[in-house]
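For reference, the structure discussed in these notes is given below.
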Amino acid sequence: MKALSKLKAEEGIWMIDVPEPELGHNDVMIKIRKTAICGTDVHIYNWDDWSQKTIPVPMVVGHEYVGEVVAIGQEVKGFKIGDRVSGEGHITCGYCRNCRGGRTHLCRNTIGVGVNRAGCFAQYLVIPAFNAFKIPDNISDELAAIFDPFGNAVHTALSFDLVGEDVLVSGAGPIGIMAAAVCKHVGARHVVITDVNEYRLELARKMGVTRAVNVSQENLTDVMAELGMTEGFDVGLEMSGAPAAFRTLLNTMNHGGRVALLGIPPSDMAIDWNQVIFKGLFIKGIYGREMFETWYKMATLIQSGLDLTPIITHRFSIDDFQKGFDIMRSGQSGKVILNWD
């Protein structure tokens, strides 16, 4: 079958033929319709330090997808041939304390689809049936293909009560923009997003944020004053991994504020801990999606009117995958869809 593989320990992704995956007793086989390129895939393409330490070569990559169930293992219940599915990219062990306690998103033995085992940039994908999620009929293939990153956004945004709150989102990548849209949709008052990438700030404006602030041109405290904010932000969502952005977020949080941290900063990042301690801030680390509460919330948010379509900016045939990676690497895109049909 056709697949995109990290074939060599150098920059790039290559299209090759690989054998179809084998179906286990508890697995489903999915014929891929559409995939989306994740920032993780760009890291793997670039072959940065993280990728060199993490990715075995060769490896079929990718973990954002939608497809159709075409084969079912003999032990599988609850799925049938023809079901339209996406899937949770974190495969958990099932036997650690968190898994047995129902907190599978905190499994200490997680294996990543397209990172530690073969991914979805292929004509067929096999995953445990536990990881598959049926897509409601009124959600399009394109939206279903971005459920994985949308789940990061939903998990981060819904970490805290948002109704009537003022929210700061630092980092206007696709996940940050989707998180901001979720905050606004569920009843936050002011939702402000910051970045230095004007293309993506304009995407955020299309998604309905209160203010999209280019911090290289505007002062965030001036924006807060314009909005009539007399105190700091109640909720902060750090999506950028940029030390300067995180420090600004801490500086502008209200006392008792709550911070969800999804962006991965450098290991040696220094912050002013006085901002955390004397403000009584609560900081929560976020990884992945809650299984499967986040997934159900994703579906119902879209069904209740949340419009994510502006975040999908480019579409390519899988044969033109290089164009997709080039536009993702440029930073001048939202989500990029690769069509396998």
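Placement of Cβ uses the backbone N, Cα and C atoms for every residue, glycine included.
Values in this document were obtained by computation on a predicted structure and should not be read as measured data.
Annotated active site, charge relay system per Swiss-Prot: T40, H43, in sequence order, evidence recorded as sequence analysis. Taken from Swiss-Prot, the feature Zn(2+) 1 binding site applies to C38, H63, E64. Swiss-Prot lists C93, C96, C99, C107 with the feature Zn(2+) 2 binding site, giving sequence analysis as the kind of evidence. The NAD(+) binding site annotation in Swiss-Prot covers I175, D195, R200, L262, G263, I264, I286, Y287.
Shown here: features listed in Swiss-Prot, placed on the structure.
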residue: C38; record: Zn(2+) 1 binding site; contacts (Cβ under 8 Å, 6+ apart): G62, H63, E64, D148, P149
residue: T40; record: active site, charge relay system; contacts (Cβ under 8 Å, 6+ apart): H63, G114, V115
residue: C99; record: Zn(2+) 2 binding site; contacts (Cβ under 8 Å, 6+ apart): T92, C93, C107
residue: D195; record: NAD(+) binding site; contacts (Cβ under 8 Å, 6+ apart): S170, G171, A172, G173, G176, L201, A204, A212, V213, N214, V215, S240
residue: L262; record: NAD(+) binding site; contacts (Cβ under 8 Å, 6+ apart): N152, T156, I175, L237, E238, M239, I286, Y287
residue: G263; record: NAD(+) binding site; contacts (Cβ under 8 Å, 6+ apart): S170, G171, E238, M239, S240, G241, A242, A245, F246
residue: I264; record: NAD(+) binding site; contacts (Cβ under 8 Å, 6+ apart): G241
Coarse DSSP state, helix versus strand versus coil, of C99 (Zn(2+) 2 binding site): helix
Neighbouring C-beta atoms (10 Å sphere around the C-beta of C96 (Zn(2+) 2 binding site)): 16
Cβ neighbours within the same chain of H43 (active site, charge relay system) - under 8 Å, at least six residues apart: W50, S51
Largest tally of Cβ atoms lying within 10 Å of a Cβ, found at which of the binding-site residues H63, E64, R200, I286, Y287: E64
Residue, out of the binding-site residues C93, C107, whose Cβ gathers the largest set of other Cβ atoms within 10 Å: C107
Rounded Cα separation (Å) that holds between R200 (NAD(+) binding site) and C96 (Zn(2+) 2 binding site): 40
DSSP three-state assignment for Y287 (NAD(+) binding site): coil
Cβ neighbours of I175 (NAD(+) binding site) where a neighbour is any other Cβ within 10 Å: 29
